[in-house]
Amino acid sequence: MAFLKKSLFLVLFLGLVSLSICEEEKRETEEEEHDQEEDDKSEEKRFLSLIPHIVSGVASLAKHFG
């Protein structure tokens, strides 16, 4: 009976450890995805802020050569 209890506790302990590791990896993956989304949004904002400068540069070139 004691052997069975020890075996059961060992199985439960190992199950909890593996579950904890999986949850930690899942949390890290979600954080990486969130960080990547934020990076993409900031790059998009930087690009969108350059559009007026590009348009004015093209317009001034068109006036100069046209």
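Heads up, the Cβ atoms here are built off N, Cα and C, so glycines get one too.
Feature annotation from Swiss-Prot assigns signal peptide to 1-22.
For 25-44, the entry in Swiss-Prot reads region 'Disordered'.
As annotated by Swiss-Prot, compositional bias 'Acidic residues' applies to 30-41.
Sequence-distant neighbours of PHE65 (phenylalanine amide): no residue of the same chain at least 6 apart has a C-beta under 8 Å from its C-beta. The phenylalanine amide feature in Swiss-Prot is assigned to PHE65.
Shown for the compositional bias 'Acidic residues' (30-41): DSSP residue counts in helix, strand and coil, namely 12 helix, 0 strand, 0 coil.
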